[in-house]
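Please read the structure below before turning to the comments.
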């Protein structure tokens, strides 16, 4: 059962309907977050931080974690979350492709995430798919769950940072893997045919998932319905559409789509440098011009870092509004081991695959890049294997 099925009849709650303690706690989080954003001195970073806060709210209130959706599909034939992902992708493609074809929005230049196809994408995505099933979450799921109070996901987060940093250090071992040129479907087919192709793919996948769920479960779970904006829960469809719009807002403000994972490698690299354990500026991974610029800047000036932390803060605020912020230290040993191993895999896999479920899958497909489709084609078999081995870690 999804959180959406527990939603009350009213779709609009107001501050007056919530306990004062929840409002005060969430207000404090919002005030601290906005003060920190303002301290950056950058209007662009403030806007991206606000977008990140809204993303965290949407992710938390809908429990919009990709790994759970794939597990429900593969193990039980329940497809609601994956159908919501299709809705999210369809809305994003409609927003992104015309803007990327023009090359600007409101006079601001924009570019998509269109990256090469290659063995690295396949291997990294497979490892990511496997890892997210034993870690308990994907990258975005880790961020919002950790922000929402899950101490287990803090273990996953730390492990993902370690995995991403290790992959960055070991870049000479995988950067030479075979790869082929990037393919932008709008550039190859034209805007109109690319939109029609995506529409056909999404419609076919959605219809197939409906048929599968009816056959496996005898019914179909709705992704729509009513919910409560402030305290949640949200139906999946609300979050799907919100994330599509917020990713487009990121494109407009940042000039590129929503990305997450490179910040993990950045955090780990800076931590190793601060501890005197390494000098990452000499790593092959950071020698690429745009990457070395990121490495040399303060963390507070990194847009991806700002958005990641804002997502966590938004999820914290959402958990407080919902009255569900209740961290617990009672984490089974098997779950801890799964978080460590799975976290290492999603961190390293995302770096090798040039992205995670957000930057490669969501933003890649929204950008019309063929590598986004290759990513999910490789991640799903990994997720299937991950579902099979979850019991080894005491996970259901």
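Here the Cβ of each residue, glycine as well, is placed from N, Cα and C on the backbone.
Beyond the ends of the transmembrane segment (20-39), by six or more residues, the same chain brings 45-46, 49-50, 53, 231, 300, 306, 310, 313-314, 316-318, 320-323, 325 to within a C-beta distance below 8 angstroms of the stretch. If you look up TrEMBL, you'll see 20-39 (among others) marked as transmembrane segment.
Taken from TrEMBL, the feature transmembrane segment applies to 45-66 (among others). The list of residues near the transmembrane segment (45-66) in space but at least 6 beyond its ends in sequence, with Cβ under 8 angstroms from a Cβ of it, reads 2-4, 30, 33-34, 36-38, 81, 84-85, 132, 137-138, 140-141, 143-145, 147-148, 227, 232-236, 238-240, 242-243, 246, 249-250, 253-254, 258, 301, 303, 306-319, 322, 357, 361.
The transmembrane segment feature in TrEMBL is assigned to 86-107 (among others).
According to TrEMBL, the transmembrane segment annotation covers 113-139 (among others).
Residues 120, 123, 135-137, 139, 141-143, 145, 261-262, 264-265, 267-269, 271-272, 278, 280, 283-286, 327-329, 331, 335-336, 339-352 of the same chain lie 6 or more positions beyond the ends of the transmembrane segment (151-174) yet place their CB under 8 Å from a CB of it. Feature annotation from TrEMBL assigns transmembrane segment to 151-174 (among others).
Within the chain, the transmembrane segment (194-212) has long-range Cβ neighbours (under 8 A, six or more residues past its boundaries) at 73, 77, 79, 82-83, 86, 89-90, 93-94, 97, 185-186, 188, 220, 368. Among the features that TrEMBL reports, transmembrane segment is placed at 194-212 (among others).
The transmembrane segment feature in TrEMBL is assigned to 233-254 (among others).
Marked as transmembrane segment by TrEMBL: 305-323 (among others). Residues 18-19, 22-23, 25-26, 29-30, 32-33, 37, 40, 45, 48-57, 59-61, 140, 143-149, 230-233, 250, 258, 260, 263, 266-267, 299 of the same chain sit 6 or more residues outside the transmembrane segment (305-323) yet have a Cβ under 8 Å from a Cβ within it.
Below 8 angstroms of C-beta separation, residues 66, 88-89, 92, 113, 115-116, 120-136, 138-140, 142, 152-153, 155-168, 174, 243, 247, 257-262, 264-265, 285, 371-372, 375-376, 378-379, 386, 390, 393-395 of the same chain, each at least six residues beyond the ends of the transmembrane segment (335-362), sit close to that stretch. The transmembrane segment annotation in TrEMBL covers 335-362 (among others).
Long-range contacts of the transmembrane segment (368-387) within the same chain, counting only residues at least 6 positions beyond its ends with a Cβ under 8 Å from a Cβ of the stretch, are 67, 70-71, 74-75, 93, 96-97, 100, 112-117, 121-134, 182-187, 194, 198, 342, 353-355, 357, 360-362. The feature transmembrane segment is assigned by TrEMBL to 368-387 (among others).
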